[in-house]
Amino acid sequence: MIERGKFRSLTLINWNGFFARTFDLDELVTTLSGGNGAGKSTTMAAFITALIPDLTLLHFRNTTEAGATSGSRDKGLHGKLRPGVCYAALDVVNSLHQRVIVGVRLQQIAGRDRKVDIKPFSIHGLPTAINPTEILTESVSARHARVLPLSELKEKFEAMESVQFKQYNSITDYHSVMFDLGIVARRLRTAADRSKYYRLIEASLYGGISSAITRSLRDYLLPENGGVRKAFQDMEAALRENRMTLEAIRVTQSDRDLFKHLISEATNYVSADYMRHANERRIHLDAALLLRNELFTSRKQRASEQYRHIEMARELAEHNAAESDLETDYQGASDHLNLVQTALRQQEKIDRYDADLEELTFRLEEQNEVVAEAREVQEDNEARSEAAELEVDELKSQLADYQQALDVQQTRAIQYQQALQALQRAQDICQLRDLSVDNAEEWQETFQAKELEATDKLLMLEQKMSVAQAAHSQFEQAYELVTRIAGPVSRSDAWQVGRDVLRDAGNQRYHAEQLEPLRSRVSELGQRLREQQDAERLLSDFCKRYGQQVDAADLENLQAELEAQIELLNESVADAGERRMTLRQELEQLRERIARLTKQAPQWLAAQEILSQLGEQTGQALENSQQVTEFMQQLLERERETTVERDDIAARKREIERQIERLSQPGGSEDARLNHLAERFGGVLLSEIYDDVTIDDAPYFSALYGPARHAIVVPDLSLIREQLDGLDDCPEDLYLIEGDPQSFDDSVFNVEELAKAVVVKAGDRQWRYSRFPKVPLFGRAARENQLEVLRAERETLAERFATLSFDVQKIQRLHQSFSRFIGSHIGVAFEPDPEAALRQLNGRRNEVERELNNHESENQQQRQQYEQAKEGVSQLNRLLPRVSLLLDDTLQDRHEEIQERLAEAQEATRFVQQHGAQLARLEPILAVLQSDPEQHEQLTLDYQQAQQQQRDARQQAFALTEVVQRRAHFGYIDSAGMLNGTSDLNEKLRQRLEQAEAERARAREQLRQHQSQLTQYSQVLASLKSSFDAKRDMLKELQQEMQDIGVHADASAEQRARLRRDELYGALSNNRARRNQLEKQLTFCEAEMDALQKKLRRLERDYQQGREQVVSAKAGWVTVLRMVKDNGVERRLHRRELAYLGGDELRSMSDKALGALRLAVADNEHLRDVLRLSEDPKRPERKIQFYIAVYQHLRERIRQDIIRTDDPVEAIEQMEIELNRLTEELTAREQTLAISSRSVSNIIRKTIQREQNRIRQLNQGLQAVSFGQVKSVRLNVNVREAHSTLLDVLSEQHEQHQDLFKSNRLTFSEALAKLYQRLNPQIDMGQRTPQTIGEELLDYRNYLEMEVEVSRGSDGWLRAESGALSTGEAIGTGMSILVMVVQSWEEESRRLRGKDISPCRLLFLDEAARLDAKSIATLFELCDRLEMQLIIAAPENISPEKGTTYKLVRKVFNNTEHVHVVGLRGFSAEPGAATGSADVGAH
């Protein structure tokens, strides 16, 4: 036998008065004994909180604020806790000996609302030796411990492998685990279930008869028959759906023609517009592409013209630049010619003035010589005149001095003084400080010798002077010629320079002789150089036109290539005409074939559309007409086979429906007559008695009773004996068994059980061997199981039957479609695809057109290449004669070399022309330059110096002589000798004075005469000099002008300049002609470009408009396509045959359909509005929206469960197949699903009987319960009178109320409610609807009235009410009822929980002092018999003899309040050891 789970202990952590306390719970009764405030209610509150941690339910009244009902107020739990983390944990061992600790963590929340936070948890697999207190606290010291928070507790168990810790976020999950482990008796899924459980605990806790429970005993004791109720609801829903479907089918049948017309016209309306927009979009797209191609072609042409314009503009710019350069060169050449002519005239002037200057130079030189000679004579005369004057002056002076000294009366002192003066003067003149009278003679001799020497030197110099006077004029003339030729030179270097000049003059004359040959050579090379530059320019132009760099050596090869290219281009141009003609003929043929196939395509497309539909319907590829005819024969054969199979399925389905109907009989009777017989005999069907047998036991009992399994159990067979006479409406074999239906068992048989069989010994000579049936039908569970199998098979057969029926109809319609196809389209359907041929032909046409365009462009390119080649050959013809010039790389160097030599020759010629005469005059007198022209002057200076030296020497000698002569004066004065000497000297002086004066007069006269002659000579020289200077200045000006002109004029210069000017004029004329031609071509090109630009603007504008139209249309078209594809209507709208109709035809087709649609949707406001919006031609998507709206409207009007498709068009096609079949099938189904009122009555009655039997069994467990004067307690279950009348009418008089149950407007529930109102008009139904009332009437619990009765004293059975019972009697009665509820819950939940688990049973009782000792003993006995645990709270004076008693005393120690607990095992036993010592102090 399975052991019942037990609560082992209750642990309180950090509660008010309990810091860490574990109460071991007794297997029966645990008593909490103590005075007021000892903690009994706190302990029970902790237990209840751990069981039901729902703050919306917890309400501990004895400690709660009076009248408090708000959820935000304290419910009595906040005050029982201490600050910090608190725990309430239950240690449980279930039937499987699994230890589980379930509990809650509680914590006060600060605030005025005094709320509490609760977190449920559970611990699994904890070893038995570990106390719950040890795991929820942590020891800090010997007397202190710390409460672990939930997070640390979780971490602590995560470290233990065998222990599992779970934390729950919802109370439902927490109770689900408790139910699965057998801790609570009922699965508490909802808040209502928790409320019932809490009300049960609350009623137990506070004792007495709870009016909250007794008023709703049906909810606590009677299980909800959800299966029956759901079956009724499903049947009603199926009937309702069936009726709605039938109504929808009828409406659909009436609207089918409207639907077909609507979808047909909507398809024509939208598809015509859809295809028109598609065609227009394609046309616009093709036009845009054509415009784009034309635009690109024009752009290419414009680019080509621009390139040509740029090239011509570049060439024109080059010609303009060249023209400017040529004009400049021409003007320069003209100016150069003018300069040459001017230079020639200047050169003539220069030559003329040069000749004049040469003549003047010769005359000037002669006159200079004359003037020089006259000036020399003049100087000599002046010198003689000065000498004469000096001599006269000196003689006069001497004579005067001597006159003064002639005084003979002078004393010797004066003479002596004169001698001394003479000596002093001699010392000064001779610069002899040591001169004396004694050595005066010696010094006189010395100075006289010097005087002689000076006189000799003077004579020698005079000789040289005479020689130099003769060569002086020739030296000056030669020196002047050297300086004029070589420039300024020193007189000392004149001879060397003159010799070098004469030596270089020969080279200059040789170079001058080479001038004319060099000039002709330079002219020739210049001409060739210009021709080379022209050839290079032509080659450069040719390379630019040719597009690549070409060497001069390759020009001949290039000419051959161009000539060959010209020949090829001539041939290709000749072939181009034939090719163009061929392409145009082919293009015309293609256009004709395209037109023919375009007419044929719509018929072929219509045939292909039907053929594709037939292919989709058949799933086969129909490739030829023979396959079509063969498939028609196959369709006929398949129709015959499918019809036979459908009839077989229909027969099997009817058989299964008969079996289901037989098994669905109330009470399990397979024959409806047995129910009537059972009611007639007052018995019960055996199948009803065993209706609750499990499916596992069903084979055994089915074999046990054998044929008697459909027997009727009656109380007394003798009472029905007479009724058997004349009984004819019954089965062939009717079995009757005597027995009490309330306590019937199988003891009437002697049975021996075998393997999968039984042997029933009916007598000594009669045995029956029955095997267990493979499909047992005994018992409701077995029948329901078989019914499920049969219903599933019936559904399968129904689906198969529907499928086959649909297939038959489908095959028939498919055969008709094939017949129509053969009659209309068989002739064109299997011909080649004209659209494929059109695509190929269009592709070929495009290729031909492209090839023709390419041919035209290639022909044009060839013409351009031909023109370029001809022009290239023309340029090469001009270049080839000049190839040698292009290849002559030394021409420039040779020209420069000859130009340098020509410059040297010109310079030599200019030198010879300028200095030829001077060189001729210099050559014979060059030798005079050997003497330095400055030596004559030096000689003159030396002569004068020698003359001065001779004069000084003479004076010195004279002074010494005077000293020597005055030597006597140093003695005594010889007056006589002095006077005689003075007279002689005076006479001599006078004679000399006369001579000197005469010489002076002659010199003066000669000087005067020569002065006048010199003046004449000077005037002639001045005249010659002024004339020479004027002509020389004019010559310098002419030479400067010649230098400024910068032209060397020669005999051929003018001819060369004129030839150069004429060449440049010819080049300028050619350049101007080419420039004018380019300007004309450029003007023509600009005109073409302007025309192209206008064309491009027009094309761009047209293309932009077309592109904007295409883009805008594309945006709308993309929206249309997306809508079409998303809604799956593309196949309906994209009708390819309409693509070949014109826009006017499609518009006419759409307008006709629009008129028909306006009439068709006139009564539908939504479709009418959508149709009106769709008429906007600028919004094509609105037509699609209208089509979708039509589709949606059809989808809503056509049942998708009837028509197995999402396409309304296909649905309309299938509708004709399905409607008749579904109508018949649904009508039959409604008859099958129709609920019989008699069946409903029987089901409700049987359910009531079953629950009454279960309540009787529960009452048997309460018969021995007694409290005080109460001897027994029982539950009384009665059927309400109004509901009993309803059942009787449903069973017996249902024919009178068929107007309700046969109405298609009322469901069975509504019909049942209407019948109930009809039978009980006095009852007020309030605001409830008939459907709600009918659903309540289908619940059997609403038919029953339950009340608790007690047998008390002499009063007998009385209704249990608190006012009629004492407190103890009320507590005992209430406890008995609660035990009954718990037991009922366990039986109800046994099928939800494992069979090997027996749940815990525990109730509470507070304030047990209200019971006497006998009542408590009875309560203990009840707990023992029902294996129930009980926790009671009693005052200190009550100590039960059995169970475990805890003495609770609240104490205060060191300002800490705690509850001292002592545990006792029975009253008479010694006080046992407490489960734990006093609470340790809080940490």
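Heads up, the Cβ atoms here are built off N, Cα and C, so glycines get one too.
Here is what Swiss-Prot says about this protein:
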- Gly34, Gly35, Asn36, Gly37, Ala38, Gly39, Lys40, Ser41: ATP binding site (BINDING)
- 311-426: coiled coil (COILED)
- 547-607: coiled coil (COILED)
- 835-1115: coiled coil (COILED)
- 1206-1266: coiled coil (COILED)
- 666-783: region 'Flexible hinge' (REGION)
- 850-870: region 'Disordered' (REGION)
Gly34 (ATP binding site) - helix vs strand vs coil (DSSP): strand
Reported mean pLDDT - the coiled coil (835-1115): 77
Intrachain neighbours beyond the region 'Disordered' (850-870), with Cβ under 8 angstroms and 6 or more residues off its ends: 545, 562, 565-566, 569-570, 572-573, 576, 579-580, 583-584, 587
Neighbour-count leader, CB within 10 A, binding-site residues: Gly34, Gly35, Gly37, Gly39: Gly39
Cβ neighbour count (within 10 Å, all chains shown) around Ser41 (ATP binding site): 21
Neighbour count (Cβ, 10 Å) for Ala38 (ATP binding site): 24
Per DSSP, three-state class assigned to Gly39 (ATP binding site): coil
Site of maximum Cβ density within 10 Å, from binding-site residues Asn36, Lys40: Lys40
Per-state residue totals over the region 'Flexible hinge' (666-783) - DSSP helix, strand, coil: 44 helix, 26 strand, 48 coil
ATP site, defined by Gly34, Gly35, Asn36, Gly37, Ala38, Gly39, Lys40, Ser41: further same-chain residues with Cβ within 8 Å of the Cβ centre: Thr42, Ala1433, Leu1448, Arg1450
